[in-house]
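Participant: Handing you this structure, nothing more for now.
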Amino acid sequence: MAGCAARVPPGSEARLSLATFLLGASVLALPLLTRAGLQGRTGLALYVAGLNALLLLLYRPPRYQIAIRACFLGFVFGCGVLLSFSQSSWNHFGWYVCSLSLFHYSEYLVTAVNNPKSLSLDSFLLNHSLEYTVAALSSWIEFTLENIFWPELKQITWLSAAGLLMVIFGECLRKVAMFTAGSNFNHVVQSEKSDTHTLVTSGVYAWCRHPSYVGWFYWSIGTQVMLCNPICGVVYALTVWRFFRDRTEEEEISLIHFFGEEYLDYKKRVPTGLPFIKGVKVGL
């Protein structure tokens, strides 16, 4: 799949993905169709069918592979906005849906702009891992069950708002970190140093060694605070903490190999930014 994106003319991926993301987000116009006489489900089905037909008409592989993913995420974002403004107990879930779709789309867009050489369909992170998928499904199931049997729990607006602020903070920090790192940022931990790889210690990297992980850490926990999911909130916190503990150690082994004393000095001066995580231990 990574090879598909490579055959798209360089520089066009960002424009293509943005155009089709906005196309999918035009589902926001669906209420106008229902006012015109179409029933909600009928209008939605016709809209989805129309989107698919348009994408098939306009694009061929590999551009279609990018377009369908970006359009899907735009569609999910639009549905999230509609749900957010609905008069139901699911409006906070709409916030979550918007946050989730924006996270995945922005990962691709920023990579396309910032480091196109590393860009692939995997940059959407839609197939991140089985564990990631299970975690997401678990949070949806918990929200649904608690919304049915304990609906008042899902209407603690101040708590959901606090979770939304955590999500916004985490998302912004991660994207700033990606832009600051530039071509040095990669979704995959590198085992070999490229000729252009440099150690970034400025900007947000002067505050913490792993700002992109810090952002993702608080974003992940914030989604569950937003949903008022007590069970997944605790499980997410423990799971992502352990994941980033192992991930920082794995990455720092490579960074020490790449940059030697330069990274060791940086490591002494600047914390990881993640709570109770110090990174790989270096023997004296």
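Please read every residue number as a count from 1 along the shown chain.
Each residue, glycine too, has its Cβ placed from N, Cα and C.
According to Swiss-Prot, the protein carries these features:
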BINDING   Gln190, His197, Thr198, Leu199, Val200, Tyr205, His210, Pro211, Ser212, Tyr213, Glu251  S-adenosyl-L-methionine binding site
BINDING   Arg247  substrate binding site
TOPO_DOM  1-16  topological domain 'Cytoplasmic'
TOPO_DOM  34-41  topological domain 'Lumenal'
TOPO_DOM  60-69  topological domain 'Cytoplasmic'
TOPO_DOM  88-92  topological domain 'Lumenal'
TOPO_DOM  113-131  topological domain 'Cytoplasmic'
TOPO_DOM  150-154  topological domain 'Lumenal'
TOPO_DOM  175-212  topological domain 'Cytoplasmic'
TOPO_DOM  245-284  topological domain 'Cytoplasmic'
TRANSMEM  17-33  transmembrane segment
TRANSMEM  42-59  transmembrane segment
TRANSMEM  70-87  transmembrane segment
TRANSMEM  93-112  transmembrane segment
TRANSMEM  132-149  transmembrane segment
TRANSMEM  155-174  transmembrane segment
TRANSMEM  213-228  transmembrane segment
TRANSMEM  230-244  transmembrane segment
Participant: Rounded to the nearest Å, what's the C-alpha distance separating Thr198 (S-adenosyl-L-methionine binding site) and the residue listed as 'substrate binding site'? Just drop the number here, would you?
Facilitator: 20
Participant: At the Cα level, what's the spacing in Å between Gln190 (S-adenosyl-L-methionine binding site) and Arg247 (substrate binding site), rounded?
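Facilitator: Rounded to the nearest whole number, the Cα-Cα distance is 12 Å.
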Participant: Looking only at the topological domain 'Cytoplasmic' (245-284), report the model's average pLDDT.
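Facilitator: In the predicted model, the topological domain 'Cytoplasmic' (245-284) has a mean pLDDT of 94.
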Participant: My understanding is the cutoff is Cβ-Cβ under 8 Å with a sequence separation of 6 or more in the same chain; which residues meet that for His210 (S-adenosyl-L-methionine binding site)?
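Facilitator: Long-range Cβ contacts: Phe244, Thr248, Glu251, Thr272, Gly273, Leu274.
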Participant: So how many other Cβ atoms are close to Glu251 (S-adenosyl-L-methionine binding site), meaning within 10 Å of its Cβ?
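Facilitator: Result for Glu251 (S-adenosyl-L-methionine binding site): 18 neighbouring Cβ atoms inside 10 Å.
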Participant: With helix taken as DSSP H, G or I, strand as E or B and everything else coil, how many residues of the topological domain 'Cytoplasmic' (113-131) land in each class?
Facilitator: 11 helix, 0 strand, 8 coil
Participant: Under 8 Å for C-beta pairs, could you tell me which stretch among 17-33, 42-59, 70-87, 93-112, 132-149 has the largest tally with the transmembrane segment (213-228)?
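Facilitator: Looking at each of 17-33, 42-59, 70-87, 93-112, 132-149 in turn, the most contacts to the transmembrane segment (213-228) are made by 93-112.
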Participant: For each of Gln190, Thr198, Ser212, count the other CB atoms within 10 A of its CB; which of these binding-site residues has the top count?
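Facilitator: Going through Gln190, Thr198, Ser212 one by one, the largest Cβ count within 10 Å is at Ser212.
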Participant: Can you tell me how spread out the S-adenosyl-L-methionine site is, meaning the largest CA to CA distance among Gln190, His197, Thr198, Leu199, Val200, Tyr205, His210, Pro211, Ser212, Tyr213, Glu251, in Å?
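Facilitator: So the maximum pairwise Cα distance among the S-adenosyl-L-methionine binders is 19 Å.
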Participant: Do any residues at least six apart in sequence from Val200 (S-adenosyl-L-methionine binding site), in the same chain, have a Cβ closer than 8 Å to its Cβ, and if so which, in order?
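Facilitator: In sequence order, the residues whose Cβ lies under 8 Å from that of Val200 (S-adenosyl-L-methionine binding site) (at least 6 apart) are Thr180, Ala181, Gly182, Asn184.
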